[in-house]
Each structure stands twice: as C-alpha cells, then as structure tokens.
Amino acid sequence: MDWGALQTILGGVNKHSTSIGKIWLTVLFIFRIMILVVAAKEVWGDEQADFVCNTLQPGCKNVCYDHYFPISHIRLWALQLIFVSTPALLVAMHVAYRRHEKKRKFIKGEIKSEFKDIEEIKTQKVRIEGSLWWTYTSSIFFRVIFEAAFMYVFYVMYDGFSMQRLVKCNAWPCPNTVDCFVSRPTEKTVFTVFMIAVSGICILLNVTELCYLLIRYCSGRSKKPV
C-alpha cells in the first residue's frame, strides 16, 4: 500500500481542519501508520512460519493457525486505517468541488473582485461552513463508528487484546488435541495494546472535535437575528 499517497491526500484535508483535526492526523500518521510500517511488521514477520505445533500431521498446523488467527493483525490494522481515512477523502472531494465552482465563477467574471487570480483560489483556506460543515461533521462521525467497530471486531476475533503463549487445537485433520506455540507473545501483546490505546485516543479526539463543531454551530445559530 502506498501510504505516502494517502498522507498527501489527507495532508490536503488537514489544511482545512480544526486544530483538533490536525492533532488527530498527527496521531494517525506518527503513532499508527509509522508504527505499522516500521515496527509492527518486524515484530510479526512471517507469523505462520513461527507458529509451531507439537505434531507432524500434514495440514494440522495450517488449520490451527487459521482457527486462532483468521485475519493477520497487520492486515486488520491496515484495513482499519483505510476505513478510518476514507471519510476524510470525502471532505477532500467536497473541498475540490468548491474550488472548482469558484474557478468556474472566476473565469466567468462573477467573482473577479474577490480573487486576484486562480492561484489564489487554489491556496485559499476553505471555511468549514454550510454544506461542507455537514460533510466534515459526518466524516468525523463515521470515523468514530469505524474505530469502535474495529476495536470490537478485534476483541471478539482474538478473544481479548493479549496474545496467548500456548493454544490448544483439536481441529481436523489434527489426530488429537495438540499444543501450538505463538512466537514472541509478550512483544505482540505490547504492540496490540499500544495500537488499541492509540485507537482509543483517536476516538476521544474525534468525539472532542465533534462536540466542538456542534457547539460552534449552535452558538453561531443563536447569534443570528430572528
């Protein structure tokens, strides 16, 4: 996956975000994407090759691994980041649409007095108001939903956030109940708890930003003359 391209796109959204939104994006890239790309892959490595069972029965090890780890932690985190980042792309599309409309009006001469040239339209910060407010607020709401949903899926799928050292498996074609050992369980548990904690921080930041936008919206409406 090209994380650099994603950073470029979200960096454009960050320009029009609130201060809390900028903090969220910093946490997303430094504490999640960078950790995932640089450190987590080294810790997990070839998970299936390091998963050892005390049997020589062909296929038993693969079946047991698939039973206890239906989706790799790395792939699940990558999928989570894609879902969490997608709502921000909607904001980027909305901002691009607004700029396109302003360019069209500028070329027609409808708003020539507001801008010197088209380059000024490209660099102007778009205010979060009107229909963009709804798009931006909706994107934050869906980010919270996706974060919470993936945390729940993670907890249910792996039966908690800690990595077991030993798992017992009796799935076919294993001849009986066999013992399987997970490599570096403590290190993996630390990374898992860290990633879950950062997800919780992101949820807190998103909820805080959502409350801030709602309060600002309500206070703005109350100031308008009846």
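From the backbone N, Cα and C atoms, a Cβ is placed for every residue, glycine too.
Taken from Swiss-Prot as is:
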INTRAMEM  2-13  intramembrane segment
TOPO_DOM  14-20  topological domain 'Cytoplasmic'
TRANSMEM  21-40  transmembrane segment
TOPO_DOM  41-73  topological domain 'Extracellular'
BINDING   Glu42, Gly45, Glu47  Ca(2+) binding site
DISULFID  Cys53-Cys180  disulfide bond
DISULFID  Cys60-Cys174  disulfide bond
DISULFID  Cys64-Cys169  disulfide bond
TRANSMEM  74-94  transmembrane segment
TOPO_DOM  95-135  topological domain 'Cytoplasmic'
TRANSMEM  136-156  transmembrane segment
TOPO_DOM  157-189  topological domain 'Extracellular'
TRANSMEM  190-210  transmembrane segment
TOPO_DOM  211-226  topological domain 'Cytoplasmic'
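Across 74-94, 136-156, 190-210, stretch 190-210 shows the highest tally of CB pairs under 8 A with the transmembrane segment (21-40). The helix, strand and coil residue counts that DSSP assigns across the topological domain 'Extracellular' (41-73) are 18 helix, 2 strand, 13 coil. Only Cys180, from the recorded positions Glu42, Glu47, Cys180, place their Cα within 10 Å of the Cα belonging to Cys169 (disulfide bond).
For the topological domain 'Extracellular' (41-73), the mean pLDDT of the prediction comes to 84.
Residue density at Cys60 (disulfide bond): 22 other Cβ atoms are found within 10 A of its Cβ, drawing on all protein chains shown.
For the pair Cys180 (disulfide bond) and Cys64 (disulfide bond), the Cα-Cα distance reads 8 Å.
Sorting the topological domain 'Extracellular' (157-189) by DSSP state (H, G, I as helix; E, B as strand; all else coil) yields 6 helix, 8 strand, 19 coil.
If you count neighbouring Cβ atoms within 10 Å for each of the binding-site residues Glu42, Glu47, the highest count belongs to Glu47. Long-range contacts of the topological domain 'Extracellular' (41-73) within the same chain, counting only residues at least 6 positions beyond its ends with a Cβ under 8 Å from a Cβ of the stretch, are 157-158, 167, 169, 171-175, 178-184, 187-188, 191-192. For the pair Cys64 (disulfide bond) and Glu47 (Ca(2+) binding site), the C-alpha distance works out to 13 angstrom.
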